[in-house]
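S.K.: Below, the features straight out of TrEMBL:
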{"type": "DOMAIN", "residues": "10-88", "note": "domain 'GST N-terminal'"}
{"type": "DOMAIN", "residues": "66-213", "note": "domain 'GST C-terminal'"}
Amino acid sequence: MTLEICVKAAAGAPEILGDCPFCHRVLLTLEEKKIPYKLHLVNLSDKPQWFLDISPEGKVPVVKFDDKWVPDSDVIVGILEEKFPEPSLITPPEFVSVGSKIFPTFVKFVKSKDSNDGSEQALLEELKALNEHLEKIGGPFIAGEKITAVDLSLAPKLYHLKIALGYFKKWSVPESLTHVHNYIKVTFGREAFEKTKSAEQYVIAGWEPKVNA
């Protein structure tokens, strides 16, 4: 059974996979579970009618399960785990929220026009907390030796953080956060990640209007 999935096409390049971290999360889940899928790239700046018919709010990702199109990456990942339990990607409950504040604090910092607004410090605190967690648990992943759903959600967001802050702020994760650096190396280096990531230029193109708003 091949699942159909609609994801964001690259800004200015509708034939190329775009930069949505939520789409990336679902694609990573499909790849890690070795589920066959068919990709539909959607130009979000000029949404086709067929897409609006299946996703009236115009949001991606959407996946077709049993003739029904389902939105929301949280919901989709939950259904995938239920329908395709092997290999299990279930995150132990105590680790589900690890790193969950990194993306919102990154968004605030990358859009910030005021270097004294505390947004950089807030992001550093979240990255330090992740570093401490990985050190305590022994890593390399959030739940220990095995990759789980929480990693597949966080890794695409860290990919955006690394590229966007490097480009727009000339900022990078401090070298002292060695466990975070190792986490990035291990997650980004997986075959599934390499296969499903958007090219750096499209991540930058995706953030440009938000940063310059």
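Cβ coordinates come from backbone N, Cα and C, glycine included.
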S.K.: Between 0 and 100, where does the mean pLDDT of the domain 'GST N-terminal' (10-88) sit?
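M.R.: Mean pLDDT for the domain 'GST N-terminal' (10-88): 97.
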S.K.: Which residue counts does DSSP yield for the domain 'GST C-terminal' (66-213) in the helix, strand and coil classes, in that order?
M.R.: 92 helix, 6 strand, 50 coil
